[in-house]
Amino acid sequence: MIESISKIIKYNFKNPQLLNEALTHPSLVSKDTLKFNYERLEFLGDAVLNIVISEMLFNIFPKDTEGNLAKKKTALVCGNKLVEVAQSINLGQFIMMSDGERACGGINNFRNLENALEALIGAIYLDGGFTAAQDFIYLFWEHSATHMNVPPQDAKTILQELVQGKRLPAPAYHTIDKSGPDHNPTFTVEVRIPSYQAIQATGHNKKLAEQKAASLMLNQIHNKTK
């Protein structure tokens, strides 16, 4: 497995245990088995991805305003883009998970793909340093970033316009939980739209959680209309 994914991502781990941790779904972890899963690495990878994408856009678009750069960054780190990259490297087939999670379609679950990809970035960062993580991100994001001629809309805006076109009420966002320490909280937000299943998502701030929830709701709407 390690050799196969290393060829795809064009990076060889010096410490294979980091890769194993990045690909271990929480469902596989118990007191009697593995100690770690990908959640800690996911937290780290999210931060690394954001700084690399920010620097990438800063260099590619020297004349862009802060607002335009922020919109572009949102599009490049949103759930849809993470899933796109994860699917391009067949990441789902490498995620180790419980039989129950796998039976429920875990290898194709968008949230699992997003989390594992961010964990993979975190693992590369710890194993090879910032430059190694930067090279990986540039490999899979630079083309998309370079061709962003028009600042994209964020997921909440796209969802708002979509439901308006369907003559549905505006999406309703509710914060249903806040956990973790004050210096590093995790917010759980739920978005509701009539005729669709409510969607929950988490983030390190309410804005990020709402964007993730909107992105997941967009996926649900698109899948339902196929």
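Any Cβ shown, glycine's included, is placed from N, Cα and C.
Just so it is clear, the model here is predicted, and its values are computed rather than measured.
Residues or ranges marked as domain 'RNase III' in Swiss-Prot: 2-129. Feature annotation from Swiss-Prot assigns Mg(2+) binding site to Glu42, Asn115, Glu118. Sequence annotations record features per position, and here Swiss-Prot assigns active site to Asp46, Glu118. Feature annotation from Swiss-Prot assigns domain 'DRBM' to 154-223.
Once Cβ contacts within 10 Å are tallied over all protein chains shown, the recorded positions Glu42, Asp46, Glu118 are led by Glu118.
Residues near Asn115 (Mg(2+) binding site) in space but far in sequence (CB under 8 A, at least 6 apart, same chain), listed by position: Tyr38, Glu39, Glu42.
Taking the C-alpha positions, the distance from Asp46 (active site) to Glu118 (Mg(2+) binding site) comes to 5 Å.
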